[in-house]
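Trainee: Encoded as structure tokens, here's the structure I'll be asking about.
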Amino acid sequence: MTHFVSHVSAEEERRVRANDREYNEKFQYASNCIMTSKYNIITFLPVNLFEQFQEVANTYFLFLLILQLIPQISSLSWFTTIVPLALVLSITAVKDATDDYFRHKSDNQVNNRQSQVLIRGSLQNEKWMNVRVGDIIKLENNQFVAADLLLLSSSEPHGLCYIETAELDGETNMKVRQSVSVTSELGDPNNLASFDGEVVCEPPNNKLDRFCGTLYWRDKKYTLTNQNMLLRGCVLRNTEACYGLVIFAGPDTKLMQNSGRTKFKRTSIDRLMNTLVLWIFGFLVCMGVILAVGNAVWEREVGSLFQSYLPWDPPVDNFLFSAFLSFWSYVIILNTVVPISLYVSVEVIRLGHSYFINWDQQMFCSQCNTAAEARTTTLNEELGQVEYIFSDKTGTLTQNIMSFNKCSINGQTYESLKHLVFVLLSGEVTDPLGPQLDFTPFNPLADPDFCFYDDTLLESVKVGDLHTHEFFRLLSLCHTVMSEEKSEGELVYKAQSPDEGALVTAARNFGFVFRSRTPGTITTIEMGRPVTYTLLAILDFNNIRKRMSVIVRNPEGKIRLYCKGADTVLLERLHPCNHELMNITSDHLNEYAADGLRTLALAYRDLSEDEWEAWSASHRCADKATDCREDRLAAAYEQIEQDMMLLGATAIEDKLQEGVPETIAVLSLANIKIWVLTGDKQETAVNIGYSCKMLTDDMTEVFIISGHTVQSVRQELRSEHVSVLDDVWIEFALIINGHSLAHALEADMETEFVSTACACKAVICCRVTPLQKAQVVELIKKHKKAVTLAIGDGANDVSMIKSAHIGVGISGQEGIQAVLASDYSFSQFRFLQRLLLVHGRWSYLRMCRFLCYFFYKNFAFTMVHFWFGFFCGFSAQTVYDQYFITLYNIVYTSLPVLAMGIFDQDVPDQRSLEYPKLYEPGQLNLLFNKKEFFICIAQGIYTSVVLFFVPYAVLSDATQSNGVPLADYQTFAVTTATALVIVVSVQITLDTGFWTVINHVFVWGSLGSYFTIMFALHSQTLFRIFPNQFHFVGSAQSTLLQPVVWLTIALATAICIVPVLAFRFLKLDLKPQLSDTVRYTQLVRQKKRKPVGRKGRLGARGGSRRSGYAFAHQEGFGELITSGKNMRLSSLALATFASRHSSSWIDTLRRKKHTHETSEIE
């Protein structure tokens, strides 16, 4: 998305006058035309090129191209750089153009939608793009809202209308909006045409749940809130028509204000690669300086002797200037140590990995028809390095499908759980709670899907127990649920949260049926009798209040406040006479929380007319306040929600998702620490922790930090830190609540909290706010050199998801805001183990192998020029034909390494899940780091030495069969180039661990293309057409017909490859890794399953096979293979072998890393 440029930054308040375009145009408000595209036909080329050249690599290669255009310093033709550069720029430009085309298409589709606008007293069809601030628009049922509108009137009674906000927040439940009472009767276009009210409101912002403004009309002012607004992107539902005044249009609407770019995330490999590339540039400069000094010495000592018949080319007039030009010449020649194709290849590989995630059928949820989605292509290999997972609980670990399970009414507890089954000696199975209750005879409006088993509660309702009736009356009245009656007696509830839906449904089944609502009334059916309550006020829920209340007047005229909320805030607001009942109910609440249930406390308060009138006046004053309105309302709510009478408590069950305990167990074995950050009670969170195997009975101790002061929290942290340090091999868990966490996150205590928490196997933070979730993630990122992953499903998880290195969204019951903010999304928590242990590990492995091989092959290719410089008078003469230099990285060697980077595997996906310890090398960054990088370039430099000096030594004295010497430049160039292509092709066959048809085609096809293209370029035909461009005429044919040349190539290949084979065999024999062990057992199993007498069929099945070569990091353990003791390797032996040969060195590295980080923190 582009950032919209407008006047908004300077706008302090907005003034809008209805039906007065001339007045509104003075403020130059944005039109309703949106433009999310970046380019048009004229600006595409310059803007896109400008953006691409902001990349340092592209600018560097452009600089090289400019150097190559200077004939005095360039020994290479300009096309050796411009061809790959143009290819990269073109591919990127095509991708950007395609993306922008679809943005244009989407913009045009939206901008050309039709809407009915009131112009000069009549409704006219206008395109959305032509709508202006101050216009009055008519909306009809199922239409999208064109702009942010102030609702003026509706076809529904009392100015009500219903909207769906799925495009804004992902929630499909209907929400209700209401017009200001003074405008609700302006339903006729003639009346609306004469409406000239003026709105003064806040400037454009991205807060979806807040709007503050005032309507001035007929010398009176009326307060406007979010309940009066229809936002762009909403859809009108169950409402025949409504009219609205445009307040914000186009880029100023809240939908567009929320569509800004998210923070760009880079992987640790990206950061390392940038560092390494800078080092390589430094190395390139050093080589250039060495060769330039050599040129100066040579020109002074030797070159001066040739001046009479080989003078310097103008403008060179001395050896120093010659050395200066030589430096730039070598910078051009040696630049291929970091070719531009590296960056393109990395992006192609990442794109391939993203498609593999999207296509994975084992991460597809058939129940909700949702596939996994990689919403970014830049973080795939980071998935293989995660050390900390921060998870929400509700909807992430649990299903977020609520069922009314238990309740406590006036000190009596009632249970629905059908969890006790007794088996009699006779074998008969009985249920002590009886059969599932049938509500239909008692209540024809009951929900047939509602399950409850305790018939004592139903009997209490039937006999007319006052406390029970009042309990369910509260549940039927104190909520914001919308009711829709599809047919007679068929009620459908639309709740903003699953909790509310479960509670209202429970009340419905026990005889207190919520039927309908208007802005001023709530209609219920109580024990078969219709009752209409006057709704006097709604004291709405928010994350700070953690409760909601309604004030109603019953048909007898009695006023009562009903309140439900978290026990931590509600119990402290009770009348002192509730002390004994509160203790009993608190015990029940603790029992419910211990069972992992979500709890709420319920209370009421009777109000006299005088109390109501006094409070109503203060509430109206707070509601109409233009400054600090929300604080004043909160104070008014606090005033009335006191001295309440306790009714009881509810307990709702939110079951664990399928596979959560197994997933957490497997991830823990992979040494991934899991932290749960939840807003639930401590007891609920702890119980869920045990249910999902985060907390186990094997843990030595579970620390609980619950201090309310800085000193108490500090003391608890220090005492527990000492316990953890006493024995680092004992498992601990840490539980901390929101109050204590607020102190622990302070600057002077955060290091103690991090060191204690990170030494624990599991951490649970309960009663935390969305901001605290993000702060915890940022704290770990700050103090630990570890990759973090945050996973959640709701809007309250968005800040945590954006803060972590990797954000994962669960597409569940709470809308799609978490998904929209995430980097990866799927529908079940259990898919996380496959995302990390399979796709993440493979992506990391593939990228590391790709980079190691890529740097190796380019150093082997480029360093030959360096050695040649000492034998050509440091004249910047190239070893190879210039066409070979151009095609080496984009044709001859690009596809095999791409295939390896996209398809390679060390073990199958099932083995990755069976052996979670395979994940640890990624966490320790063992496969590609500075040490591995230097090993790769050392191998590349060694290969370049062999490729230069072996042909040089052999060909210097070699002759053709007719006695003509072979020691000429073109023969040497062809021999060296051919040996190079063969050596790097053999090397990638050794590095490839998983062979597919594509690997075979790319490896052998690239080798074949080299010979085909070389013979074509060295042919007589091209020489006749372009005699000045193709100088190696006939060289390939004459050189490759000589047996000595092939013997030279074979010798160079053997000298390059044999040490690699020897090293890998020794490493496999002396220090095998766990992946080697797993591959070996796989080979043993395959041999045991292999039928006798069908030897010829092994390679005929399927499109891929695994290499059996030890030097490809595949099956075999050296000594075990040759000893013959490997045919009956049991699972116990495998575990012992793996722990002895693999885990020990990983654990040693991990201990070193832990010691280093601890010393840094302290």
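Counting starts with 1 at the first residue shown.
Note that Cβ sites are derived from N, Cα and C of the backbone, with glycine treated the same way.
Residues or ranges marked as active site, 4-aspartylphosphate intermediate by TrEMBL: ASP392. If you look up TrEMBL, you'll see ASP392, LYS393, THR394, GLU500, PHE541, LYS564, ARG598, THR678, GLY679, ASP680, ARG767, LYS773, ASN796, ASP797 marked as ATP binding site. Among the features that TrEMBL reports, Mg(2+) binding site is placed at ASP392, THR394, ASP793, ASP797. Residues or ranges marked as domain 'P-type ATPase N-terminal' in TrEMBL: 16-82. What TrEMBL records for 819-1072 is domain 'P-type ATPase C-terminal'. Among the features that TrEMBL reports, transmembrane segment is placed at 60-89, 276-298, 318-344, 850-871, 883-903, 933-954, 969-990, 1002-1023, 1043-1066.
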Trainee: Tally of helix, strand and coil residues over the domain 'P-type ATPase N-terminal' (16-82) according to DSSP?
Mentor: 31 helix, 2 strand, 34 coil
Trainee: Over the domain 'P-type ATPase N-terminal' (16-82), what is the model's mean pLDDT?
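Mentor: The predicted confidence over the domain 'P-type ATPase N-terminal' (16-82), as a mean pLDDT, is 83.
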Trainee: Between the two most separated Cα atoms in ASP392, LYS393, THR394, GLU500, PHE541, LYS564, ARG598, THR678, GLY679, ASP680, ARG767, LYS773, ASN796, ASP797, the residues recorded as binding ATP, what distance in Å do you get?
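Mentor: That value is 25 Å for the farthest Cα pair.
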Trainee: In terms of Cβ proximity under 8 Å, which residues at least six beyond the ends of the transmembrane segment (276-298) contact it?
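Mentor: Sequence-distant neighbours of the transmembrane segment (276-298): 57, 60, 319-320, 322-324, 326-328, 330-331, 334-335, 337-338, 855, 866, 869-870, 873-876, 930, 933.
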Trainee: Should the transmembrane segment (1002-1023) and the transmembrane segment (883-903) be scored as in contact, given a threshold of at least 3 Cβ pairs under 8 Å and pairs 6 or more apart?
Mentor: yes
Trainee: Any chance the transmembrane segment (883-903) and the transmembrane segment (1043-1066) have 3 or more Cβ pairs under 8 A, given the pairs are 6 or more apart in sequence?
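Mentor: Judged by the Cβ rule, the two regions do not touch, with the required three close pairs absent.
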Trainee: Excluding the flanking five residues on each side, which residues at least 6 beyond the ends of the transmembrane segment (318-344) place their CB within less than 8 Å of a CB in that stretch?
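Mentor: Distant Cβ neighbours of the transmembrane segment (318-344) are 55, 57-58, 61, 64, 67-68, 70, 72-76, 81, 84-85, 87-88, 91, 277, 280-281, 283-285, 287-289, 291-293, 295-296, 299-300, 303-304, 312, 854, 858-859, 861-862, 865-866, 869, 874-876, 878, 885, 888-890, 894.
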Trainee: Do any residues at least six apart in sequence from THR394 (ATP binding site), in the same chain, have a Cβ closer than 8 Å to its Cβ, and if so which, in order?
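Mentor: Same-chain residues close to THR394 (ATP binding site) (Cβ under 8 Å, separated by 6 or more) are ASN400, ARG598, ASP654, THR678, GLY679, ASP680, ASP793, GLY794.
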Trainee: For the transmembrane segment (850-871), give me same-chain residues lying six or more residues beyond its boundaries with a C-beta closer than 8 angstroms to one of its C-beta atoms, as numbers and ranges.
Mentor: 269, 273, 276, 287, 291, 294, 330, 333-334, 336-339, 342, 345-346, 349, 877-880, 888-889, 893, 897, 900-901, 928, 932-933, 936-937, 939-941, 943-945, 947-949, 952, 976, 980, 983-984, 987-988, 991
Trainee: Looking only at Cβ atoms, how many others are within 10 Å of the one on PHE541 (ATP binding site)?
Mentor: 19
Trainee: Using a Cβ cut-off under 8 Å, which residues of the same chain at least 6 positions beyond either end of the transmembrane segment (1043-1066) come close to it?
Mentor: 939, 942-943, 946-947, 950-951, 954-955, 958, 966, 971, 974-975, 978-979, 982-983, 986-987, 990, 1110-1111, 1113, 1118
Trainee: Determine the Cβ neighbour count for ARG767 (ATP binding site): the number of other Cβ atoms within 10 Å of its Cβ.
Mentor: 20
Trainee: Taking 10 A as the limit, how many CB atoms besides its own sit near the CB of the residue listed as 'active site, 4-aspartylphosphate intermediate'?
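Mentor: That number is 29.
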Trainee: I need the CA-to-CA distance for PHE541 (ATP binding site) versus ASP797 (Mg(2+) binding site), whole Å please.
Mentor: 18
Trainee: Express the distance between the Cα positions of ASN796 (ATP binding site) and the residue listed as 'active site, 4-aspartylphosphate intermediate' as a whole number of Å.
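Mentor: Cα-Cα, rounded: 9 Å.
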Trainee: Please list residues from the chain of ASP797 (Mg(2+) binding site) whose Cβ is under 8 angstroms from its Cβ, counting only those at least six apart in sequence.
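Mentor: Result: ASP392, THR396, PRO770, LYS773, ALA790, ILE791, GLY809, ALA818.
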